[in-house]
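Participant: Feature table excerpt (TrEMBL):
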type     : residues : note
REGION   : 40-85    : region 'Disordered'
COMPBIAS : 58-85    : compositional bias 'Basic and acidic residues'
TRANSMEM : 99-119   : transmembrane segment
TRANSMEM : 131-151  : transmembrane segment
TRANSMEM : 231-255  : transmembrane segment
TRANSMEM : 312-334  : transmembrane segment
DOMAIN   : 416-522  : domain 'Cyclic nucleotide-binding'
Amino acid sequence: VDAAAAADPAAVDVPPVDVVPDVAPAAPEVSVCHIPCSRRASPPVPHVLLNTNNSNDNEQKKENKEKEKEPPKEKEKDKSKEEEKPKEVFVINPAGNLYYHWLFVITVPVMYNWTMIIARACFEELQHNYIVYWMFLDYVSDLVYVADMYVRTRTGYLEQGLLVKDEKLLWDSYINSFQFRLDAVSMLPTDIFYLILGLDYPEIRVNKLLRIGRMLEFFRKTETKTNYPNIFRIANLIMYILIIIHWNACFYFSFSKAIGFGSDDWVYPALDDPEQPDFGLPGRKYAFSLYWSTLTLTTIGETPPPALDSEFFFHVSDFLVGVLIFATIVGNIATMISNMNAAQAQFQARIDNIKQYMHVRKVSKELELRVITWFDYLWNNGKAQDEREVLRYLPDKLKAEIGIQVHMETLKKVRIFADCEAGLLIQLVLKLRAQVFSPGDYICKKGDIGREMYIIKDGKLAVVADDGVTQFVVLGSGSYFGEISILNIKGSKAGNRRTANIRSIGYSELFCLSKDDLMESLTEYPDAKSMLEGKGHQILPKDGLIELDPSKILPEAQELEDKVNKLYSKMELYIYTYKYTHIYPLKCTPPPPAFTTH
């Protein structure tokens with residue numbers, strides 16, 4: 001009962017006690033009961049409560065134990081989650097400069113192996129006399145090969161447009177690729193055969209040639225990066241020719257050695273011939289073999305005829321290879337040269353068409369000479385390209401970035417565009433067109449309707465009198481004019497007409513922005529349009545080009561309003577006529593329309 005009371009005091013019936021204020025209750029006498037608990041007469045409710053409380057305590061202890069066990073499980077889950085997270089490592093971007101520079105590094109040992117292994121194998125003296133240097137270069141190239149395999153495991157690749165940086169994915173991608181098998185074969189320790197065969201057999205390292213893919217990749221990237229791709233292609237093609245001739249020269253010398261030096265006129269001459277002692281020198285051996293290989297592969301054929309069947313087969317094989325190779329070479333070189341001259345040929349065709357047109361129309365010789373001189377200036381100064389034609393294959397974002405770098409500073413020099421928002425300036429930059437004017441050309445004349453504004457990029461312009469000779473002021477690079485006329489600001493004395501004669505002193509290049517292009521851009525920027533007109537109103541009073549008298553401005557507005565009212569009346573009459581002619585029956589006589597003046 002006491003336990004039950006301690007656990008739940010409300011469950012035990014306690015008789016009411018009268019509380020006497022300010023009187024301390026007497027201490028109750030404690031009696032000891034010697035009757036066993038099992039014999040005591042206890043009410044059933046406290047017994048049930050005692051069992052219930054014991055079971056609750058047990059459940060609470062179990063829950064506490066489970067809670068104590070849960071943190072380690074959660075820690076294990078957190079650890080497993082951390083382990084499942086991809087481990088990102090330093091990754092080399094295959095489109096970056098670091099990767100390109102590494103390709104150059106790996107290309108050097110690849111080129112070394114492709115040229116020197118075959119030469120050392122065929123010309124024994126070359127291998128024997130410089131064995132120490134060859135061993136050093138061989139093992140340095142092997143170290144570069146090993147480093148290249150590591151670089152491949154750190155070279156990222158694009159997946160869904162993003163560069164993969166997960167270490168496991170990079171490893172799996174490289175190991176599962178065909179290139180890994182080639183790299184593994186190229187790193188087989190074939191040098192152990194030196195212990196069996198000796199150091200005079202460098203051909204055991206022929207597996208190192210399998211890294212040629214890295215050299216070809218370097219050439220492809222260089223062709224893309226260089227500003228002179230056609231020249232690089234020709235140089236690359238010449239290098240391939242030299243490597244083929246080099247290998248064929250080595251095969252010829254080795255084949256002559258197998259038949260016997262000096263055994264006939266076709267093979268390499270005897271090494272111990274006293275009349276020709278130079279043929280025993282290493283330099284002469286390679287030079288003569290290279291000469292013979294060049295004559296054969298170029299199908300010139302000025303070599304001694306073969307005498308043995310094996311020599312015939314070797315010679316025929318060389319001729320066939322030479323025909324195929326040089327047919328390909330001639331075709332490639334012809335294509336490269338035509339590509340190099342494609343722009344010039346297209347430009348020349350344009351000139352020829354204009355010449356023919358001027359001849360048919362009987363244009364004066366003086367004007368014809370000016371046209372041809374203008375074309376020559378464009379070509380000689382690299383201004384013959386149409387920017388829009390060149391950039392049309394690029395996406396709009398890249399076009400905008402190129403335009404920002406090329407034209408943004410020039411556009412910001414214009415006063416009315418100085419504080420415009422970047423979005424409008426970017427649109428205007430894309431609409432600028434370059435124009436080249438010859439000496440004496442008029443850019444605009446006084447009274448002409450202004451449909452364009454101009455920004456001087458290069459050259460000198462003169463503001464001249466009506467006689468075309470008297471110069472008032474000279475405009476240089478960075479100057480601009482015509483910006484007010486394309487806005488057509490209300491109240492301007494000149495309206496949208498030119499107020500001066502501007503003539504080119506020499507050859508000048510200008511950027512042109514048309515009124516239509518400006519208004520098209522301003523439709524998406526109404527606030528900018530209001531701002532530009534406000535700036536125009538601020539500029540015109542300074543130059544004295546705005547009409548401040550309202551009496552002179554109101555007649556123009558009244559005239560415009562009258563024109564609108566007349567147009568409205570004509571439209572109302574047309575609608576009335578059509579309505580009662582085609583819709584209502586002819587027997588109905590419609591009332592006359594009530595015209596109102598708006």
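Quick reminder: no glycine exception, Cβ is built from N, Cα and C everywhere.
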Participant: The domain 'Cyclic nucleotide-binding' (416-522): mean pLDDT?
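Facilitator: Looking only at the domain 'Cyclic nucleotide-binding' (416-522), pLDDT averages out to 85.
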Participant: Would you kindly list the residues that approach the transmembrane segment (231-255) from elsewhere in its chain, counting only those six or more residues past its ends and only Cβ-Cβ distances under 8 Å?
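Facilitator: Non-local partners: 114-115, 118-119, 121-123, 219, 222-223, 267-268, 285-286, 289-290, 292-294, 296-297, 310, 314, 318, 321, 325, 329, 332-333, 336.
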Participant: Under DSSP, the domain 'Cyclic nucleotide-binding' (416-522) has how many residues in helix, strand and coil?
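Facilitator: Result for the domain 'Cyclic nucleotide-binding' (416-522), in helix, strand, coil order: 20 helix, 40 strand, 47 coil.
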